[in-house]
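Here is the structure we will look at, set down as structure tokens.
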Amino acid sequence: MKKILVLNGPNINMLGIREPAVYGNITLAEIEKSLSSLAKELKVEVEFFQSNHEGKIVDKIQDSINKIFGIIINPAALTHTSITIRDALSSISVPTIEVHISNIYAREEFRHKSYIAAEAIGQIAGLGIDGYLFALRKMVSLM
């Protein structure tokens with residue numbers, strides 16, 4: 001069974017508590033449960049990883065070489081700053097879809113730049129947790 005890695009960056013572990021007007025009341029555990037259910041239906045394996053530390057995210061990407069089909073990533077605030085994550089994604093050559101719960105282009109101007117987008121086959125922003133589900137369906141369609 002092919003595996004999809006779902007990576008979440010800083011503060012995503014605080015969903016349900018942090019800025020509910022922006023991110024809603026759903027928790028990371030609920031997102032993972034929804035993705036696990038869909039993955040079972042689609043007959044694909046998902047692995048979840050969240051870190052507040054850029055280097056740990058890079059390590060996880062590098063450790064995934066030859067172990068995964070693709071990556072769904074919400075790099076959170078690292079979207080706008082991390083050339084390191086961009087380079088890690090570039091180095092493993094698997095399909096990547098960037099996901100954001102909020103519409104980063106409707107927020108503060110500094111959030112409008114994504115260093116990750118250039119390494120992704122697509123970006124989903126502003127569709128809440130449905131963005132993760134759409135990304136998983138798309139990733140499976142590429143298999």
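A Cβ is built for glycine as well, from the same backbone N, Cα and C atoms used for every other residue.
For Y23, the entry in Swiss-Prot reads active site, proton acceptor, with the evidence type sequence analysis. The active site, proton donor feature in Swiss-Prot is assigned to H100. Summarising the annotation, Swiss-Prot assigns substrate binding site to N74, H80, D87, I101, S102, R111 and lists sequence analysis as the type of evidence. Residues annotated as site 'Transition state stabilizer' in Swiss-Prot: R18.
Cα separation, N74 (substrate binding site) to H100 (active site, proton donor), rounded: 6 Å. Reduced to three states, the DSSP call for D87 (substrate binding site) is helix. A gap of 13 Å separates the Cα atoms of R18 (site 'Transition state stabilizer') and S102 (substrate binding site).
Sequence-distant neighbours of D87 (substrate binding site) (same chain, 6+ apart, CB under 8 A from its CB) do not exist here.
Considering only the recorded positions R18, H80, H100, the Cβ with the fewest other Cβ atoms within 10 Å is that of R18. Neighbour density for S102 (substrate binding site): within 10 A of its CB lie 18 other CB atoms from the protein chains shown.
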